[in-house]
Ligand SMILES: *[C@@H]1O[C@H](CO)[C@@H](O)[C@H](O)[C@H]1NC(C)=O
């Protein structure tokens, strides 16, 4: 299921960006907002989904100490921010 979400998410979000980029009549403020969401989702898939799946499946962290801290910071940022 993660592989399906990974592929569909990357392809779908890339197609959203490509559509707005190629068709000039689609360059509206609303579509730029949607592209913004697509780019954010693209990065969540790359930086959160992919490392988590590799980690869960193999129970090994392959990417070193620095990326361990950085990736986990991005994933858990919402819990670290306090008011
Ligand atoms: C560009 O998008 C508009 C809708 O916003 C559509 O009517 C038009 O056919 C599209 N043009 C191309 C070349 O796909």
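Backbone N, Cα and C atoms are what each Cβ position is placed from, and that goes for glycine too.
In TrEMBL, annotation is done automatically, which means it is predicted and not curated.
Worth saying up front: this structure is predicted, and the values here are computed from it rather than measured.
What TrEMBL says about this one:
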SIGNAL    1-18  signal peptide
DOMAIN    12-83  domain 'G-protein coupled receptors family 1 profile'
TRANSMEM  34-55  transmembrane segment
Against which stretches of its own chain does the signal peptide (1-18) lie, if we need a Cβ under 8 Å and a gap of at least six residues from its ends?
34-35, 38-39, 41-42, 45-46, 49-50, 53
Which value does the mean pLDDT take for the domain 'G-protein coupled receptors family 1 profile' (12-83) in this predicted structure?
89
